[in-house]
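Got these off TrEMBL a minute ago, pasting:
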ACT_SITE  His102  active site, tele-phosphohistidine intermediate
ACT_SITE  Glu205  active site, proton donor/acceptor
BINDING   101-108, 114-115, Arg151, 205-208, Lys216, 232-233, 276-277  substrate binding site
SITE      His275  site 'Transition state stabilizer'
Amino acid sequence: MDAAVCNPSLGPSSSSSCYVSSRPSFCPDLRRSSVRLSSEVFKVKIGRLERSLCRSSGNKLSAVIASASQTSVSDPISTPSRNDLSDSLKKSNEASLILIRHGESLWNEKNLFTGSVDVPLTKKGVEEAIQAGKRISNIPVDMIYTSSLIRAQMTAMLAMTEHRQQKVPIILHDENERARTWGRIFSEETKKQSIPVVTAWQLNERMYGELQGLNKQETVERYGKEQVHEWRRSYDIPPPNGESLAMCAQRAVTYFCDEIEPQLFIGKNVMIAAHGNSLRSIIMYLDKLTTQEVISLELSTGVPLLYIFKEGRFVRRGSPVGPTEAGVYAYTGKLAQYRQKLDEMSH
Ligand SMILES: O=C(O)[C@H](O)COP(=O)(O)O
């Protein structure tokens, strides 16, 4: 199955697994991919691809290692050496990718368009984040990416309080030299017990323009259901002075390709806590959804989705929500082993 997906609607009940995309991941394959990203995204991707891979005499492996070692995660916690990366690349043939939309925010509760406005979680949102953490507590997490907005960061941090690995998520501050140096950790052991958290504005919710702060229901009453649905769900029609999904994809998917895929490629297990629309654009890329299919893609707050990155491909394992974990997403051998280790450690 190529462009098709099991079920473009990824609501909480969408637990059935899934498909292996026939597109090996990493940007080169976008040349022949049927992903309908905007031509600008395509150009950016190809441009970056050519910079990161093609220019380096066609040696994909060294390009990936170089790219991974130069990413924004070359930090005091986990600066992997080139040797570590090569080793990890040799050993690893699989990595987990968890995507989670933030829990309910105070403006979700009030039914207001939020977009780039930085609004915290409600109590219900806090609870959703904790529940999400329980659902992913047996999935390894080596790196966390969040948007720069507090609702995504709260969600990531609260979810990690439930994680059985019991490592400490630590936000990396990259804004200036002082922030980088003053955040250094001087114990190798403590670093090992930490998970770097990279915050990136590129993963922020789409900018909702002049709809920000307006009530969604009142907006429907004023402009009509169809118009508002078009603003909210179409691929390329932006809300007034805001970002369309295509514009949001241009930054979010490019960031995913440039910064996150190289980490998965070297075997790092990644969690991304972000937003309805930045995640919709990333899922569109991962699942190769068409501009039509993405219209019906809805993400609930606080529901994690699991992908396995294996042999350069993304396999969606559905959503780890359900009566029994194992019944919902069959563990891969590696995940089963990981879980067994956690069980042994807790006895
Ligand atoms: O920004 C918002 O208002 C929500 O987080 C997402 O809203 P949407 O469902 O209208 O895209």
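Quick reminder: no glycine exception, Cβ is built from N, Cα and C everywhere.
Nobody curates TrEMBL annotations by hand; they come from automatic prediction.
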Less than 6 Å between Cβ and the nearest atom of ligand 1 is the rule; apply it to the recorded positions Arg101, His102, Glu104, Glu205.
Glu205
Within 10 Å of its Cβ, which one of these recorded positions (His102, Arg206, Lys216) has the largest number of other Cβ atoms?
His102
Just name the winner among Gly115, Gly276 (the binding-site residues) by count of other CB atoms within 10 A of its CB.
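Most Cβ neighbours within 10 Å: Gly115.
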Please name the residue among the recorded positions Glu104, Glu205 whose C-beta has the most neighbouring C-beta atoms within 10 angstroms.
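Answer returned by the neighbour count: Glu205.
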Whole-number Å only: compute the distance from the Cα of His102 (active site, tele-phosphohistidine intermediate) to the Cα of Arg206 (substrate binding site).
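Cα of His102 (active site, tele-phosphohistidine intermediate) to Cα of Arg206 (substrate binding site) measures 14 Å after rounding.
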Going by DSSP, is Arg101 (substrate binding site) sitting in a helix, a strand, or coil?
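Its secondary structure by DSSP: strand.
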With every protein chain in view, how many other Cβ atoms are within 10 Å of the Cβ of Arg101 (substrate binding site)?
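Taking every protein chain into account, the count is 28.
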